[in-house]
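Inspection log for the structure reproduced underneath, given as structure tokens.
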């Protein structure tokens with residue numbers, strides 16, 4: 001039997017009284033009084049398995065037991081808090097005002113600030129390397145070795161850091177990571193005055209510590225944001241990451257003019273220590289541990305997110321060594337590794353070579369070339385947030401997570417591939433900067449593709465998967481940055497290397513669209 005019974009909040013208990021019917025049992029709801037509630041409508045289906053149910057005939061007082069077929073009662077309510085029925089009821093989506101004043105926005109804002117410091121500390125050396133080289137008599141090639149020492153440190157840490165994130169949680173590991181890379185930044189002036197080896201070790205330490213930043217970001221967003229908001233949250237965090245480039249490049253010359261060559265290292269290092277104090281005192285590792293979060297926000301996150309990803313909200317305690325063999329045996333994993341590798345290839349090639357490209361092809365001085373190259377990074381920050389909002393809207397509208405991620409990734413890779421091909425046809429630096437802005441802006445849509453996808457296919461191992469893909473990305477960054485120089489020497493054309501990068505974008509997008517998924521993948525050792 002199917003029945004829909006409208007309910008209001010009872011002031012006293014109610015019961016279902018079985019009434020005799022010749023062929024089946026029917027139920028009557030008895031309750032004294034009800035009051036209205038304005039909370040959103042929700043429903044629950046209660047099923048009764050076939051069993052012997054006592055039925056009371058109206059014509060006498062005897063009780064007769066009769067086997068009744070399986071019964072389903074659909075109960076509707078206007079009260080989301082009505083008894084045990086509230087577990088199927090979900091709070092309505094928050095308004096924009098509620099979203100920007102929520103506790104989870106505080107979390108992602110702190111993550112964005114940490115990623116801004118991460119990139120700012122990284123690019124300071126790009127500005128300081130010129131006076132340091134003059135002071136110490138370093139050649140151009142040796143200056144490149146000094147700058148690459150960061151990448152060699154960054155190469156070895158993401159996998160170990162991601163494993164620690166999965167085991168201990170993002171709050172603890174991010175706190176230690178920012179503290180260590182801020183210490184390395186602060187000690188750089190001392191290291192440079194002490195010895196070359198001390199300077200190289202300090203820069204490698206910076207890379208090792210910064211290797212945990214993106215896995216921690218993914219871990220914290222997976223805990224604090226429901227799936228329908230994760231792309232937007234990643235967009236906010238990665239906007240901080242992109243603006244860190246601009247902050248470091250713009251503030252470093254100003255700080256150097258006021259405090260000498262090492263002024264930026266001291267200021268950014270102290271800023272990192274201040275961030276750690278705020279992070280540890282004001283941010284909780286999970287929503288249920290926060291003393292500041294509202295009951296509404298906690299219920300919203302729980303209903304929208306934790307049911308889908310129960311393992312995200314507490315660190316893994318049964319093992320610290322992840323199943324690497326199983327992780328690498330799945331094609332969705334390789335789709336993410338290749339996507340991250342291509343993302344890093346394009347990012348570092350554009351970051352490292354575009355000023356030289358403008359200087360070589362269009363004969364503008366390096367200061368102007370830096371401005372032509374800097375505009376796209378600011379656009380990338382805004383476009384990344386827009387892509388995140390659009391991605392979340394698609395999922396809320398009923399588009400599958402898998403299709404949404406593939407749409408975002410296609411825009412994020414096919415778009416730059418076409419734009420870089422267009423860049424090779426530009427006849428003046430203004431058109432070239434426009435094509436570059438389109439390439440970098442569309443590239444940010446991939447943050448709502450592969451970067452969010454890490455949380456979805458492996459909520460339990462998202463940290464180590466991010467670490468594996470980051471290591472692949474760092475290798476690709478080294479190969480792409482160094483390979484660009486060799487390619488230009490052999491072929492004699494920057495444009496040829498840009499066309500090669502464009503082709504790699506197309507191939508990576510196709511591979512991702514064929515093998516990726518937005519569903520959870522079974523990575524257990526004994527799984528299928």
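Placement of Cβ uses the backbone N, Cα and C atoms for every residue, glycine included.
From a predicted model like this one, the values you see are computed outputs, not experimental measurements.
Across the domain 'Major facilitator superfamily (MFS) profile' (107-520), the prediction's mean pLDDT works out to 84. Summarising the annotation, TrEMBL assigns domain 'Major facilitator superfamily (MFS) profile' to 107-520.
Among the features that TrEMBL reports, transmembrane segment is placed at 107-130 (among others).
Per TrEMBL, transmembrane segment is recorded for 150-168 (among others). For the transmembrane segment (150-168), the residues of the chain that approach it from at least six positions outside its boundaries are 122, 125, 177, 203-212, 214-216, 219, 315-317, 320-322, 460-468, 470-471, 474-475, 477-478, judged by C-beta separation under 8 angstroms.
Residues or ranges marked as transmembrane segment in TrEMBL: 173-192 (among others).
Sequence annotations record features per position, and here TrEMBL assigns transmembrane segment to 198-221 (among others).
According to TrEMBL, the transmembrane segment annotation covers 233-255 (among others). Proximity of distant same-chain residues to the transmembrane segment (233-255), defined by a Cβ-Cβ separation under 8 Å and at least 6 residues beyond the stretch ends, is recorded for 104, 108-109, 111-124, 126-128, 217-218, 221, 224-225, 263-264, 267-268, 351, 370, 374, 377-378, 380-382, 384-389, 444, 447-448, 451-452.
Taken from TrEMBL, the feature transmembrane segment covers 261-282 (among others). Under 8 Å from some Cβ of the transmembrane segment (261-282) lie the Cβ atoms of residues 106, 110, 113-114, 117, 120-121, 124, 127-128, 131-132, 135, 171, 174-175, 178-179, 181-183, 185-189, 192, 248, 251-252, 255, all in the same chain and six or more residues away from its ends.
Under the heading transmembrane segment, TrEMBL lists 334-356 (among others).
Look at TrEMBL and you will find 368-386 (among others) tagged as transmembrane segment.
Among the features that TrEMBL reports, transmembrane segment is placed at 407-426 (among others).
The transmembrane segment annotation in TrEMBL covers 432-452 (among others).
Only residues 6 or more beyond the boundaries of the transmembrane segment (464-488), in the same chain, are considered here, and those with a CB under 8 A from a CB of the stretch are 148, 151, 154-163, 165-166, 211, 214-215, 218, 322, 324, 327-328, 333, 336-349, 352-353, 450, 454, 457-458, 494, 496-497, 500-501. Annotated transmembrane segment per TrEMBL: 464-488 (among others), in sequence order.
Here the transmembrane segment (494-515) has long-range neighbours at 331-332, 334-336, 338-339, 341-342, 345-346, 349, 353, 357, 360-361, 406, 409-410, 413-414, 416-418, 420-421, 423-424, 449-450, 480, 483-484, 487-488, meaning same-chain residues at least 6 beyond its ends whose C-beta is under 8 angstroms from one of its own. Summarising the annotation, TrEMBL assigns transmembrane segment to 494-515 (among others).
Stretch with the most C-beta contacts under 8 angstroms to the transmembrane segment (407-426), considering only 173-192, 198-221, 432-452: 432-452.
For the transmembrane segment (107-130), the neighbouring stretch richest in Cβ pairs under 8 Å, chosen from 173-192, 198-221, 432-452, is 198-221. Listed as Cβ neighbours of the transmembrane segment (198-221) (distance under 8 Å, sequence separation of 6 or more from its ends, same chain) are residues 107-108, 111, 114-115, 118, 121-122, 125, 146-147, 149-158, 160-162, 164-166, 169-171, 173-174, 176-178, 180-181, 183-185, 187-188, 190-192, 230, 233-234, 237, 285, 312, 451, 454-455, 462-464, 466-467, 470.
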